[in-house]
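Novice: Straight from TrEMBL, here's the annotation block:
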{"type": "SIGNAL", "residues": "1-19", "note": "signal peptide"}
{"type": "ACT_SITE", "residues": "His58", "note": "active site"}
{"type": "ACT_SITE", "residues": "Glu143", "note": "active site"}
{"type": "ACT_SITE", "residues": "His147", "note": "active site"}
Amino acid sequence: MKLAIAFGIVLSLLAVSSAAERFDFFYFVQQWPGSFCDTSRGCCFPDTGKPAADFGIHGLWPNYAKCHGGGDDGLARRAVLGDDAAAVSLSGVGRRGKCWPQYCDDENALSPWAIRDLVSSLSRSWPTLSCKSGDSFEFWSYEWKKHGTCSNLKPHDYFARALALKAAHNLTEILAAAGIVPSGSDTYSISSVSDAIKKGTGFTANLECNRDTDGQTQLYQVYQCVDKEAKQLIDCPLHMRSKCGDDQVKLPLF
């Protein structure tokens, strides 16, 4: 009887272990709203109104240190394209992408009740700017379904830890302390942006740029690497290529 019980416990532990998603770190991604909006596609404000002129959370994404069978090219593509359908079509195909896990539990939909105490904070810190929908909860639900279900976290923990990371490392204040502030005319070297973030957080971030309607380079997203518990910044296991180059970049007014 004791042997049977012990065997049952082992089987249960194996089942839990096999159910846990294996990944190496999180990308915690924040975007500058002015750079999102100052492109040919434009933007739309969420149902809660115009967000503050502050870096907003785009997502908390489990990631592999190396692509599974695809080299590092998929990660470079992600840096250029961001988290959208085009990136999925390149390397993150299917239920388990080569470079990151995604859609790990299609039945685990986000419940409004699960994050009811976080809604006001999420509205401020994780707003949607897409014109596809101004519904913030729809945006959070998408991020949860695609990335959160692979995080080994419960919904409340997933969103609460992202909010905590943003609060602990306020990128807008960190850059302002280095004299890098939103402007209609000033530009900044990409190295000065990178150095300011490293000085303010203790860790080097990966930077993504896009181009405004005049073709000028602007700082778009900041990718910070986070441990598998989504609690602490870490040194990034890899470097992502981006379109920033050595250009001077804008931080456009919003």
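Any Cβ shown, glycine's included, is placed from N, Cα and C.
Burial and contacts for the listed features, if you can.
Specialist: Around the Cβ of His58 (active site), 25 further Cβ atoms fall within 10 Å across all displayed protein chains.
In the structure as shown, the Cβ atom of Glu143 (active site) sits within 10 Å of 22 other Cβ atoms.
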Novice: For a quick check of packing: other C-beta atoms within 10 Å of the C-beta of His147 (active site), how many?
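Specialist: Step by step: centre on the Cβ of His147 (active site), count other Cβ atoms within 10 Å, giving 24.
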Novice: To the nearest whole angstrom, state the Cα distance for the pair Glu143 (active site) and His58 (active site).
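Specialist: The Cα atom of Glu143 (active site) is 8 Å away from the Cα atom of His58 (active site).
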